[in-house]
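J.: Sharing the record's features from TrEMBL:
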| type | residues | note |
| --- | --- | --- |
| REGION | 65-85 | region 'Disordered' |
| TRANSMEM | 105-123 | transmembrane segment |
| TRANSMEM | 135-155 | transmembrane segment |
| TRANSMEM | 175-196 | transmembrane segment |
| TRANSMEM | 202-220 | transmembrane segment |
| TRANSMEM | 227-245 | transmembrane segment |
| TRANSMEM | 257-276 | transmembrane segment |
| TRANSMEM | 296-317 | transmembrane segment |
| TRANSMEM | 355-375 | transmembrane segment |
| TRANSMEM | 382-405 | transmembrane segment |
| TRANSMEM | 411-431 | transmembrane segment |
Amino acid sequence: MTSFVRRLTVGSTIPHVPVHHQKFKPTIEIPAFPLLPHNIQRPLGIALRSRKYWRVEAVGPVGRAEGGDSTKKAGGGPGPGPCSYSLGDRTTEVERRERNRTVEVVVAAGVTVVLGVGNRVLYKLALVPLKHYPFFLAQLATFGYVLVYFSVLYLRYHAGIVTDEMLSMPKAPFLAVGLLEALGAATGMAAGAILSGASIPILSQTFLVWQILLSIIFLGRRYRINQLLGCFLVAVGVIISVASGSSSGHSLKEAGMFWSLLMIVSFLFQAADTVLKEVIFLDAAQRLKGGSIDLFVVNSYGSAFQALFICLLLPFLSKLWGIPFSQLPNYLKDGAACFLNIGGTLSSRCDGAPLLPLLFVIVNMGFNISLLHLLKISSAVVSSLASTFSVPISVYVFTLPLPYLGVASSLPTGFVAGAIILVTGLLIYAWTPSGSTAALPSPSN
């Protein structure tokens with residue numbers, strides 16, 4: 001006679017135990033489901049009047065993964081045990097995720113710094129062949145990005161990465177992003193045409209100040225003292241390393257207060273743009289029920305609206321660059337000929353095109369994407385610090401013998417001291433006192 005033996009748990013889960021076949025000769029048969037007095041001790045077994053006998057044993061609970069007895073964990077091992085979700089394991093899991101997130105932020109920040117340096121250096125190199133057409137290069141980047149971003153967005157949508165829910169997000173925030181970027185570009189060009197190059201790095205440090213203030217107002221962020229001190233030291237380090245030894249203070253006085261304030265307002269627009277993008281990511285996490293909006297959705301719509309407002313501001317912008325609006329079509333035509341390095345005598349002045357301008361456009365696009373990714377997984381302030389850190393490194397790179405640039409520039413007198421202060425500020429900002437929590441919650445990934 002054959003008996004089928006199955007082990008059952010007394011816990012809330014069903015064990016993953018195979019059925020064992022064994023032969024034995026039963027010594028007693030009892031009716032199915034007998035009513036036994038509770039004080040009579042019998043083996044926990046039930047023998048049915050059948051050719052099959054079932055023996056039921058009480059065993060300890062054995063955990064399993066969701067989905068049935070045959071479900072295994074991702075690693076191929078057995079499911080979690082009954083104590084897998086203890087408080088200690090949860091704490092360990094949270095700590096592991098925090099470590100992984102920290103590593104991800106550090107790697108993303110490093111990539112952003114490298115691309116930021118390449119972006120600044122290649123912009124200088126791209127202006128060698130397009131020395132007379134910087135406005136053309138700016139418009140090439142603005143309108144070229146719209147085409148590239150939407151092409152990538154189309155491919156990602158058909159690959160299933162971008163969903164209909166992402167595309168149905170409200171477009172008003174993207175409209176505001178485009179407006180802020182266009183206003184930041186317009187005011188920055190206007191002030192940059194008057195201010196000296198040495199004074200702009202000093203005024204650019206207001207960008208970080210604006211970001212901190214706007215994140216406190218609109219995101220409810222609260223910063224620790226060490227974070228505020230770190231940001232202050234970073235700004236001071238950049239000013240010392242870039243502007244030391246120059247007549248930047250005298251240049252600011254000569255330019256007048258109006259143009260300095262206009263440049264500060266330009267950085268206000270840019271800071272508001274980055275904080276608004278952070279708001280978009282936070283809002284998307286709620287609308288998508290914990291999901292995350294794709295980077296190219298934000299980049300594509302933001303760039304499209306920026307290009308729209310740039311078109312509306314073209315008469316004003318062309319005048320800032322000293323180009324009468326009536327001559328703008330001829331200017332853009334000549335700029336395109338120089339970019340493609342065609343056109344006879346015109347092309348002789350465009351050595352390095354189209355390679356150098358194309359390299360700048362590609363690296364600039366990668367820099368913008370990495371900057372937005374870093375903002376997404378951390379905060380606007382962290383992305384700003386990474387971008388700021390690339391400034392003194394770029395200054396050092398320009399002291400190297402680079403092609404097309406001729407004689408290398410010399411380091412500012414306070415470069416080393418400024419770099420030390422900057423790095424110290426970054427370390428102080430990143431330092432987390434024991435027993436405290438981070439003051440900058442990040443958007444959902």
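Cβ coordinates come from backbone N, Cα and C, glycine included.
TrEMBL entries are annotated by machine, without manual review.
If you look at the structure here, what lies around each of the features I listed?
T.: Panel annotation: around the transmembrane segment (202-220), residues 195, 228, 231, 234-235, 238-239, 243, 248, 252, 260, 263-264, 267-268, 270-272, 274-275, 278-279, 282, 379-381, 384-385, 388 of the same chain, lying at least six beyond its termini, place a Cβ under 8 Å from a Cβ of the stretch.
Same-chain neighbours of the transmembrane segment (227-245): 198-199, 201-202, 204-205, 208-209, 212, 381, 385, 388-389, 391-392, 395, 412-431, 439-440, counting only residues six or more beyond its ends whose CB sits under 8 Å from a CB of the stretch.
Within its own chain, the transmembrane segment (257-276) has Cβ neighbours under 8 Å at 173, 176-177, 180-181, 183-184, 187-188, 190-192, 194-195, 199-200, 203-204, 206-208, 210-211, 214-215, 218-219, 375, 380, 383-384, counting only residues six or more beyond its boundaries.
Beyond its flanks by at least six residues, the transmembrane segment (382-405) meets 105, 109, 112-114, 116-117, 119-121, 124-125, 128, 201, 205, 207-208, 211, 231, 234-235, 237-238, 241-242, 271, 274, 351-352, 356, 371-372, 374-375, 411-412, 415, 418-419, 422, 426, 429, 440 of its own chain at Cβ-Cβ distances under 8 Å.
Counting same-chain residues at least six beyond the ends of the transmembrane segment (411-431), those with a Cβ under 8 angstroms from any Cβ of the stretch are 226-227, 229-246, 385, 388-389, 392, 395-396, 399.
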J.: Cβ under 8 Å, sequence separation of at least 6 from the ends of the transmembrane segment (296-317): give me the contacting residues as numbers and ranges.
T.: 135, 139, 142-143, 145-146, 149-150, 152-153, 156, 162, 166-167, 169, 171, 174-175, 177-179, 181-183, 185-186, 189, 277, 280-281, 325, 328, 368-369, 372
J.: Restricting to the same chain and to residues at least six past its boundaries, which positions have a Cβ under 8 Å from a Cβ of the transmembrane segment (175-196)?
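T.: Residues packing against the transmembrane segment (175-196) from afar: 138, 203, 247-248, 251-252, 255-256, 259-260, 262-263, 265-267, 269-270, 272-273, 276-277, 280, 298, 301-310, 313, 316-317, 320-321.
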J.: For the transmembrane segment (355-375), give me same-chain residues lying six or more residues beyond its boundaries with a C-beta closer than 8 angstroms to one of its C-beta atoms, as numbers and ranges.
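T.: 105, 108-109, 111-112, 115-116, 118-119, 122-123, 125-126, 128-130, 137, 140-141, 144-145, 148, 274, 277-278, 281, 295, 298-299, 339, 382-383, 386-387, 404.
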